[in-house]
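**Q** So TrEMBL says this about it:
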{"type": "SIGNAL", "residues": "1-30", "note": "signal peptide"}
{"type": "BINDING", "residues": "Asp54, Asp272, His276, Asp314, His315, His407", "note": "Zn(2+) binding site"}
{"type": "BINDING", "residues": "Asp54, His154, Thr156, Glu267", "note": "Mg(2+) binding site"}
{"type": "ACT_SITE", "residues": "Ser103", "note": "active site, phosphoserine intermediate"}
Amino acid sequence: MAATQKMKIFKLCMLAGVALISSVGAAAQAVTPVQTILGDAPSIPKNIVIMIGDGMGPAYTSAYRYYKDNPDTQEIEQTVFDRLLVGTSSTYPARVSGYVTDSAASATALATGTKTYNGAISVDTNKQPIPTIMEKAKALGLSTGVAVTSQINHATPAAFLSHNESRSNYDELAQSYLKTDADVMLGGGQKYFPVGLIEKFEAKGYQYLSDFNLLDSVKQGKVIGLFADVQLPWAIDDSDSNKLSKMTTKALELLSQNNNGFVLLVEGSLIDWAGHNNDIVAAMGEMEEFANAIEVVEQYIRKNNDTLMVVTADHNTGGLSIGANGEYSWDTAIIRGVQASPDFIANDALADGDWLARVTLNLGFEPNEDEISQLSRARMQGKEVMITSIKQLIDSRSNTGWTTGGHTGVDVQVFATGPAASLFAGYQDNTDIATKLISLLPKVKSQPNK
Ligand SMILES: [Zn+2]
């Protein structure tokens, strides 16, 4: 093509972009000219999917890229996170709690647009309830749902559905879910929902499930599915490692039956738990299944261009470091080769029989003499010491580092696709994410259509 022709086409595109931008309203201004020219997606979403990788700081998405990389090819393949990255977000809580947030304060920020103290479940620093995006969506005639791998009354989902001065009030939070009118609640937490409480949910029209295999039998209506006593198993230890993506698929299927739209929260809750444990093997397993769930929503959006997905983390956990101890290396083959979580490997090693053969099989590599004597000493001191010893062995072999068993205050990433996705570009605060999402809800109440 001649240079002048190219220039002409470029100018035409620019003109079209400018004309479209100036002719549409403020909300659509953030939509890039390219998206507008394609003209196939509305500028305001009908449905919103919020996805939170709990504790998933930037090192986790980088680590996941190398964990998934095929070492036999020259290029390092992009992940779903690389594909959908649009911006960053600060996570600091209200002044009173300093710069490092917990999941409760951050989820409150993401659900309400208000900063609060660490431990608060959608109440402000005066312990007064703040309306959440889920409550606003319900009041406008939309459906709402949560699908998580922790107990459903854990800090993140709780801050989207309820209010409490403390995240530790698990029983109160479980009771309060009766009033949320949320349509889909999937995750763990049987321990907090005794028979009497479940009967109250059933009296309100909920279908109750405790067997994951029955999830597919639910075709419509409200559902509360609790598939573990507390949290779901580590994905890497689970015979069905795709529970989060299956719950996400089902939630989309059920919620999309409301023509008014829906707001869904999906949380990869256990990324944070693995981070607290400084467990790179479990962390990568949880990252993989969270990535699968994001891809489920991405596929849904390819078919339903009226749906916005925003993915972020509530904070960073563990201070994960890709490379450590002054060495310029990170050996993903070691991590990929481990067949089960350190929890599982330690438990298995405490049983009788040839424990070393089983540990070697589970680790996927042969420990050297020093490592064997360390493992052997740890084994005699019981399960917790054995778990720690196995994690240390994997860390030192793979050169993985950690700085804390808690959270850190580093900014997290924001990923988005669908209508108004570009509103989330660049730097923002976690409260801005909520404010933007809430501004995208319908302005007037729709009639219930179900
Ligand atoms: Zn945490």
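Numbering starts at 1 and runs along the chain as displayed.
From the backbone N, Cα and C atoms, a Cβ is placed for every residue, glycine too.
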**Q** Taking DSSP three-state, what's Ser103 (active site, phosphoserine intermediate) in: helix, strand or coil?
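**A** Where Ser103 (active site, phosphoserine intermediate) sits, the three-state DSSP reduction gives helix.
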**Q** For Asp272 (Zn(2+) binding site), identify the closest of the recorded positions Ser103, His154, Thr156, judging by Cα separation.
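**A** Closest by Cα: Ser103.
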**Q** Ligand 1 is in the model; which of the recorded positions Ser103, His154, Glu267, Asp272, Asp314, His315 have a C-beta less than 6 angstroms from one of its atoms?
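**A** By the Cβ criterion, which requires under 6 Å to ligand 1, the hits are Ser103, Asp272.
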**Q** If you take the centroid of the Cβ atoms of Asp54, Asp272, His276, Asp314, His315, His407, the listed Zn(2+) site, which other residues of that chain have their Cβ within 8 Å of it?
**A** Gly55, Met56, Asp102, Ser103, Ser106, Ile271, Gly275, Ala313, Asn316, Thr317
**Q** To the nearest whole angstrom, state the Cα distance for the pair His407 (Zn(2+) binding site) and the residue listed as 'active site, phosphoserine intermediate'.
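**A** About 9 Å separate the Cα atoms of these two residues.
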**Q** Report the same-chain neighbours of His276 (Zn(2+) binding site): residues 6+ apart in sequence with Cβ closer than 8 Å to its Cβ, ordered by sequence.
**A** Gly55, Thr317, Gly318, Gly405, Gly406
**Q** Counting only residues 6+ away in sequence within the same chain, which have a CB under 8 Å from the CB of the residue listed as 'active site, phosphoserine intermediate'?
**A** Asp54, Gly55, His154, Ala155, Thr156, Arg167, Asp272, Asp314, His315
**Q** Sort out the sequence-distant neighbours of Glu267 (Mg(2+) binding site) for me: same chain, 6+ apart, CB within less than 8 Å of its CB, listed by position.
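**A** Expected: Met51, Ile52, Gly53, Asp54, Val146, Ala147, Val148, Thr149, Ser150, Thr156, Pro157.
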